[in-house]
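For reference, Swiss-Prot has these:
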- Ser9, Phe10, His17, Gly88, Leu89, Arg90, Glu98, Tyr123, Ser124, Tyr125, Leu126, Ser127, Ser128, Ser129: ATP binding site (BINDING)
- Ser9, Lys41, Leu73, Lys87: substrate binding site (BINDING)
- His17: site 'Transition state stabilizer' (SITE)
Amino acid sequence: MKTAVYPGSFDPITKGHLNIIKRASKVCDKLIVAVLVNPEKKGLFSVDERVEMIKRVTKNHSNVEVQCFSGLLIDFMKEKKSKVIIKGLRTMSDFEYEFKMALMNNKLDPNIETVFMMTNAKYSYLSSSSVKQVAMFGGCIKDLVPDEIIPDIKKKINHKKECI
């Protein structure tokens, strides 16, 4: 496997995402973490902020690149000459959604394959949405996101509570 693409919004990146990145980077020559630009969806962090945070937490993984994209994932894949999409799965409901997306991507380009990776069980409950919700209500996010981005989240949420 040469180049694989791990797409998502990563708003913000979680320890579950990072688990998939670390594992996926071991089975390909190059892993592109592709941050989706979705103008219809207002995120907590801008695309540039998300890209910067992911670069920070993956800096020790020499074969991981972080880029943003808009439009069809298939077009981005062609531009990057990649034929493999990496998708992390937490639950059966994730599988149902991602399976449909994989079929659509394969319909658009039969040369594209989707590889599903199960998230480590200790992160199976974790989502970016739940991280934002916990942070907004003053909960501790230390076990949910990489340490390097906790200050970014606190600053965005404007919350001063310290995790102990």
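Cβ coordinates are placed from backbone N, Cα and C, and glycine is handled just like the others.
For the binding-site residues given as His17, Lys41, Lys87, the lowest number of other CB atoms within 10 Å of the residue's CB is seen at Lys41. Here the candidates are the binding-site residues Lys41, Leu73, Lys87. The one whose C-alpha lies nearest to that of Leu126 (ATP binding site) is Lys87. Note on proximity: among Ser9, Leu89, Glu98, the binding-site residues of the record, the Cα nearest Lys41 (substrate binding site) is that of Ser9. Here substrate is bound by Ser9, Lys41, Leu73, Lys87 per the record. The longest Cα to Cα distance in that group is 20 Å.
Distances between the Cα of Lys87 (substrate binding site) and those of the binding-site residues His17, Ser124, Ser128 are shortest for His17. Fewest other C-beta atoms within 10 Å: among the binding-site residues Ser9, Ser124, Ser128, that description fits Ser124. Following the DSSP three-state reduction, the secondary structure of Leu89 (ATP binding site) is strand.
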